[in-house]
Each structure stands twice: as structure tokens, then as C-alpha cells.
Amino acid sequence: MEDSKRKIWTVQCVLLLLIGSCISQLCASDDVKFYDSFDDAFDGRWVVSKNEDYTGVWKHSKSEGHDDYGLLVSEKAKKHAIVKKLDEAINLKDETVVLQYEVRLQNGLECGGAYLKYLRPQDAGWTPEGFDNESPYSIMFGPDKCGATNKVHFILKHKNPKSGEFVEHHLKYPPSVPSDKLTHVYTAILKSDNELKILIDGEEKKKANFLSSEDFEPPLIPSKTIPDPDDKKPEDWDERAKIPDPDAKKPDDWDEDAPMEIEDEDAVKPEGWLDDEPEEIDDPEATKPEDWDDEEDGEWEAPKVDNPKCEEAPGCGEWKKPMKRNPAFKGKWHAPLIDNPNYKGIWKPQEIPNPDYFELEKPNFEPIAAIGIEIWTMQDGILFDNILIASNEKVAETYRATAWKPKFEVEKEKQKEEESTDSDGLKGIQKVVFDYLYKIADIPVLGDHKIKVLLIEKAEKQANLTIGVLVSIIVVILSLLLKVIFGGKKQPAQTHVETKKPDVAETSNDQGASTEEKEEQNEDGAAAPRRRNARRDS
């Protein structure tokens, strides 16, 4: 173990020297519009918001297990806001722009954000000291996680060329946030041909087009037509696909009043049935409590227990013939359904030209004049690092290789060591299963069901539920295989029989028991002492 740690430390030191050399050369490149490694304290470069709502403290801190520094969210359950004004505003319209940064959720992320806001110039109506959630931004990008929400946001705030209003356009089906505590690097590549790519750890997770209605909600370009708000459905419009057959008649032998069940006349009382024995008797071992007050508590009665004589006999008490299905039962008659000759389909208003429609060749990006972090989170330990804006994808790739990758590999190796020493044999299987489930959740086809898929997070944190998840997956796979092999069940033909529900009293003798009666049972299953009169209020 010591040798392994020494090797990791040595490799880390060498890589950090290499990183420093490479980054110093990269920073001189014209392709780098902005870069902050947080090697030096952020005071004087970043401005902490003085808004009274933002009391969270920012710290210049080392990443756990590294000598590398970052910008740390140091307090939980508080709002944090900090901003860095750029030397020059960055134009997003005419060239490739790469937005990239690292974030490490050192204490996990149950509920909160870890995203960046790329702010418009201050003449849009904001100041660094007053930076808050209303400060106008052009792009918001990064992880957000709370409850059913688990996504890497990409939001474009775009100016409507007709109304002049700024509208938030959200990327549809964004990728999920990695569920571990390792350092991850998030990259958004905005290309001049309107393409957007989202990368996590250098791996493409989402590709979209800014002008496609399939990729953003609401779409940047409105629909050419809209339903006519003044169009009304004609009174004679028939939307019924099926109607009762007007020529059908109820058969003469159809008895609607016949009960569903009747007594079984062929039934015979079992031999040895104890008619005179009750099913329950007073508990012979029960005694009246010493503190029982007849005036206060009412007359004491011993709790009931099962009659031991009934255990060996077929039954006790009054014998009654059991019920059986009535062969004459048919239920209420209804005429069978036939195709409606007057069916016109589901009515929809006619489409008219959309008065708010406009065309775009490119998004009307607002320039980026500052980078802000404005978040509310229930966890501390969120560490931001290596914030980069570049005009070249290769530059961002180099930063990932030199600044992020070495740290990630060290953290991953340490994670493997911890997992190998974990005494819980289910841990390794658990991680593999949930890693694959998170990948499944990011499949675009499952976009509409992503929230349901991500409910597995709760199970991931409880090892005993992993087996349940595994069994569920196996059942689903087997069900799909059987359906493929044997085909789905045919839909039953529509019937004109209305089945009557059986009387509740016939289906269950104890379902009607009140909550109070059920609460009278003690933990051993025996009935508690019953009180004839309620205790009077003192």
C-alpha cells in the first residue's frame, strides 16, 4: 500500500511540473480568451457579491489529495455568488467558442448547482458587487441536481428579434451529472455552423443544433403557423369513432337482475363441524390490570383468543353454505359498438400564419463580458478549477490532457484501492450496475422517461436495494424476451356485458374493521383488553 501511494505521489509531482510548463505556453496562445487555474488566491481578481442574500463564504483551497488549488464553496445550505469581469467582451457569433471548466463534488451533491453563468456586459443592468440570480447572462452551463432534477444545464438566453425580450431556451434531454466525487471537466463547444456539443471528461454526451426545434425548448425559431384562436368546433362535428349499434336488441333470456353468486345447494356441512363452539373465547390467562378503574375505564373484559377446539375441527360456529358463481349471471346488457358512419375525427382548429414568426440564420448571441458562479447548494466542498474560454477545440483538449487528466487518474486509482478494500462484496457489482444505468439514462430515446430512470439514485445509496434493482432488471429483460418470442397478448374482443362487483361484505370479513379496532391488537397479535365505556375526560 505504501509503495503504491509513493508511486502515485511521484507521478503526481512530475505531472504537475509538466502541467505548469504546458499551461504557461498555452496561456500565451491567441486561442485562449480567458483562463484561470486558481494557482494564486482569487482576491483582487474575482469579486464576491455583497448582496445580503449571498452569505456563503468562498475559499482558495486545495483539492483533496492534490497540491492543486481551486475555488471552494465552503459552507452548506447557503447561497454563494462570485464574479470575474473579463478584460475584453467575447463575441460568440462568428467563430467557434469553447466553454470549459472543472468541478469536483468532494462531498457529493444531493441538492444544488455547480454551474457557471456567462454574463452580458454591465450596461445590461448589473454590477459585480450586486451580482445575483437576476443578473443578465447569455449562457448558463453546468451541473444541477436536486430531487428528480439531474442534468448538465445548457441554457441560452436569446433576444427575440420581434419583441426585444430575452427568452431562456433550455437544451432538451441534457446529459446527467456523474454520481461520484471525482474531478470532472465539462465542455460546451459552440460552432459557427449553429452546432452545439456537450462533453463530459472529453467524451461527447450531447450534440444539438441551436436552430432545431427538436433540441431546444422553447425553440429559437417559432412555428410558422399556430392554431386559430377564433376557430370553433362545429356543433354537428362527431368525434365518436364507435357508437352503440342502434339495431341491436337485448336477448329475451337476458336476465339483468340475476346475482353474480348464489348458494351452492350441493354443499354439505363437513363432518365434525362444531356448531356450538365460538371461533374466539376469552383468554383464560388474562387478568384484570391492577390500575383498572371501572368508573373511569368501564367494565373490564378479557381479550379474545382463538378457540383451541376449532384448530382440530373443520370449523366452528353456525355453518352456512358457501357461495358459487351463478351460471345465469350476465350483468347489465349493452348494445355492441359499431363504426360510426358520421365520425369525422378529432377536431382541431385550423392553422393560421404565426404573427410572431421570424427566421434566423444564426442565434443572436449576446457577448460574454464576465463569468459568474451564483448557486444555492445543500452541500459544501464544491471545488471549481481551470475555467477556460477558447476559440479552438484543440486548445481545450490540451488543457483536459494536461490540467484535468492527471488529477482524475490519481483520484480514480485511489477510488479503486478503496473499493478493493471494501468489505461489502456487493459494492463492486453495485457500482458497475449503476454506472450502466446512468449511461442508459442519457440515451436520447429515453429523454421523456429520464426522471424515472434517475430515481435509481436512491437505490444506489442503499446497498441493500441493489439486489432489488438487479432482480427488477432481470425481470424486465425476461419479460421483453418472452414478448419478442411469443408476441403480445391479443386484445380481448369488446363485450357488451357489464360485470357487477361482488358485495364488499362477501369478499372480506375483516376489511371493514375500523382503524380503532385494528389498533386494539398488540404486537403479539392478541387482542388488547376492550373497554366498554370510553375513559371520561378528567
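Cβ atoms here come from the backbone N, Cα and C positions, even for glycine.
According to TrEMBL:
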type	residues	note
COMPBIAS	227-252	compositional bias 'Basic and acidic residues'
COMPBIAS	253-266	compositional bias 'Acidic residues'
COMPBIAS	273-284	compositional bias 'Acidic residues'
COMPBIAS	291-300	compositional bias 'Acidic residues'
COMPBIAS	301-312	compositional bias 'Basic and acidic residues'
COMPBIAS	529-538	compositional bias 'Basic residues'
DISULFID	C111-C146	disulfide bond
REGION	210-315	region 'Disordered'
REGION	495-538	region 'Disordered'
SIGNAL	1-28	signal peptide
TRANSMEM	465-486	transmembrane segment
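Sequence-distant neighbours of C146 (disulfide bond) (same chain, 6+ residues apart, CB-CB distance under 8 A): E110, C111, G112. If you draw a 10 Å sphere around the CB of C111 (disulfide bond), it holds 14 other CB atoms from the protein chains shown.
The residues of the region 'Disordered' (210-315), classed with DSSP into helix (H, G, I), strand (E, B) and coil, number 8 helix, 20 strand, 78 coil.
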